[in-house]
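Colleague: I'd like to ask some things about the structure below.
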Amino acid sequence: MSTVDDILEHIGEFHLFQKQTFFLLALLSGAFTPIYVGIVFLGFTPDHHCWSPGAAKLSQRCGWSQAEELNYTVPGLGPSDEASFLSQCMRYEVDWNQSTLDCVDPLSSLAADRNQLPLGPCEHGWVYNTPGSSIVTEFNLVCAHSWMLDLFQSVVNVGFFIGAMMIGYLADRFGRKFCLLVTILINAISGALMAISPNYAWMLVFRFLQGLVSKAGWLIGYILITEFVGLGYRRMVGICYQIAFTVGLLILAGVAYVIPNWRWLQFAVTLPNFCFLLYFWCIPESPRWLISQNKIVKAMKIIKHIAKKNGKSVPVSLQNLTPDEDAGKKLNPSFLDLVRTPQIRKHTLILMYNWFTSSVLYQGLIMHMGLAGDNIYLDFFYSALVEFPAAFIIILTIDRVGRRYPWAVSNMVAGAACLASVFIPDDLQWLKITIACLGRMGITMAYEMVCLVNAELYPTYIRNLGVLVCSSMCDIGGIITPFLVYRLTDIWMEFPLVVFAVVGLVAGALVLLLPETKGKALPETIEDAENMQRPRKKKEKRIYLQVKQADRPLS
């Protein structure tokens, strides 16, 4: 009997059909970036200070410039963190309507030292030094309410986590295409509703709904294109699918620069999702999934459609996809399948840890470097460019030395770079930046590798579930990373880097325990996945008897 990989060798492993499908799914990948990192622009926090009606009237009467108004009426102006808090969150508790106040240094008539004047929290709102708007400026998510911005980002990661578990199961149970279209529809509607949210609470609800479906949709797209192409092109489309995400980062920076209003920006980045609903007529169901569910007739119909699109025909000798008579009923994925057998259990635990590590180091290094500066658009753009060399290195090495060693080395390089940064003195700033970029490049490679290899280690009927469950650990990492960075820096500025170093080095060592997937067909059954490990001893070359008869391969 034939496998899908056998048939693709004859009808085209990456011909017209696969190229068109990849292009459509790459658009989906790029459109995910505003949800994953859009907080940089949607939640931008500009310089701000308390607004006082009395001080504003006095400024107008005296004809002060903006600099003079800030100097005369805002406490604690200075470079220190304490001074920044005072200037942004506190005000002088004085009556600005007093007739004794002069236009030149008005507070001098009340106290010889203005530091002796009583201070209080802002009562009438804030003045924001920005021409645009963000959720911070509209809902005043600053000072005592700054935690609400953290919650805004945390809730989308909670959505990522729940959605990965829920939709991953549904995609393996009811099909990739159905779940992909459902996630696109919900993402489009919730994104549009978020743009017109009347208050913070409703905005939070729609943000959660976006998180619930958006990441799962991105990963389903990854699984789909991986299952449509032949063995020789899996790694290429996997890497290019993630490069499309990086291209989305660059486009997002440009769109955010052109549209500085957060509501219109949210509309702009949501609109493509409505266009993606047309994929109902453009992208078929995965024939690999159909075969795993014993829907052989439908699978062969799609395979013939692919062959026709590629200008090929399916050889008669390869059209026998009928399972054995005793193959039993179609397989239903279960969470227990991810840990039931020894090798798959090992794969699951190592992959979960590496997803967690990639998220913590990727986001943590960005936070620790403090990339956001005077121009967030350029900073964001330049930081995205770092990801292209990482993808280029993977393309150069992955077919020459395999997946496992580049993946392990990239984790170790990231960890070693973090450790080296601890011992570099501050006066060698150029060296610290260079090492930091090296670490960012290493963890970017690791992030791309874990996504690529994850899909190659699971059998077809639990592949989508395995990818989404394991990748949910990066959502846990995304939730705790801000606390990890900011709490540990209170103890010692370099403390987070020490933690990152240990986590990264351990991740690299664990990768070496995984089997090499270079040049191997995607496992179709649990038996295939259990026997992926390189043979060592004769007694280890066995098929696990606990695998059910229904799990036999079709060929």
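Including glycine, each Cβ sits where the backbone N, Cα and C put it.
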Colleague: Same topological domain name for D102 and G232 in Swiss-Prot, and hence the same side of the membrane?
Modeller: no
Colleague: Consult Swiss-Prot and report the residue, out of N71, N97, annotated as N-linked glycosylation site.
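Modeller: Going through N71, N97 one by one, Swiss-Prot flags N71 as N-linked glycosylation site.
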Colleague: Answer yes if the transmembrane segment (349-369) and the transmembrane segment (405-425) have at least three CB pairs under 8 Å among residue pairs 6 or more apart in sequence, and no otherwise.
Modeller: yes
Colleague: DSSP says what for the topological domain 'Cytoplasmic' (397-404): how many helix, strand, coil residues?
Modeller: 6 helix, 0 strand, 2 coil
Colleague: Thinking of Cβ pairs under 8 Å, which stretch from 151-171, 239-259, 405-425, 465-485 has the most of them with the transmembrane segment (495-515)?
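Modeller: Looking only at 151-171, 239-259, 405-425, 465-485, the most contacts with the transmembrane segment (495-515) come from 405-425.
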Colleague: Hey, which bits of the same chain come close to the transmembrane segment (433-453), Cβ under 8 Å, at least six residues off its ends?
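Modeller: Same-chain contacts beyond the flanks: 222, 235, 238-239, 242, 351, 354-355, 357-359, 361-362, 365-366, 369, 383, 386-387, 389-391, 393-394, 398, 403-404, 406-407, 410-414, 417-418, 420-421, 424, 467, 471, 500, 504, 507, 514, 517.
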Colleague: Summarise the topological domain 'Extracellular' (199-210) as counts of helix, strand and coil residues per DSSP.
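Modeller: Breakdown, helix to coil: 11 helix, 0 strand, 1 coil.
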Colleague: What residues elsewhere in the chain lie close to the topological domain 'Cytoplasmic' (397-404), defined as a C-beta under 8 angstroms and at least 6 residues from its ends?
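Modeller: Hits for the topological domain 'Cytoplasmic' (397-404): 235, 239, 449, 452-453, 456, 511-512, 514-518.
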